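Over in TrEMBL, the protein carries these features:
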COILED    216-250  coiled coil
REGION    1-101  region 'Disordered'
């Protein structure tokens, strides 16, 4: 009985040992199960993190594409504004060119009016010259009944001289008394000429008349000299005016040339800027 009891106790001990072993195996199995669950969770986390990172990358790519599209739209708007500015600049340059052409036409009209005035002054001078020649012809030297030389403005009777008139300078040659010229009042004007001429006539009179004649001759020569000086100054003034007109015309041409150069330079700079931007 004792042996059976010991055997039975051994069997129970063996059974308990198997139970403990089975329990330990169950624990190990649960541990392995827990580890597998953890590994599965870790893998899931890793997969989830990768997908999240992928989604983040996709969002970043989309954002970059959106920013690039926005930059392209900005560049497009900038190009459109640049084209508008170029059209406005071209319109402004066209207006400037039109104003320049208008000013040029106005200058041409002014030059034409100035030339017309100059031609009118030239015609006036020609008419004055013809009138002066006519006066030279009309204002002949006269002598009185006692054959003393008289000049225009002398309040005595006189007799008309005959002679030939040089139409270029108004001087007289081949002078002699008119055969049928009677006494008449002396004309109240004196002729205008560059050089006063002398006449060889017989002088009948006393010394007083001779002195008076010389004084009158001297005074008339002074008047003629002053008139000659005045005409010379007038001719110089006309020459200076003509030179001023030439200089004004040259200045207008130079101004137009400079404006054309500036316009060409502006167009060149605009074209160069476009090339650099491209």
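From the backbone N, Cα and C atoms, a Cβ is placed for every residue, glycine too.
Mean model confidence of the coiled coil (216-250) amounts to 82 (pLDDT, 0 to 100 scale). Secondary structure of the region 'Disordered' (1-101) per DSSP (helix as H, G, I; strand as E, B; remaining residues coil): 100 helix, 0 strand, 1 coil.
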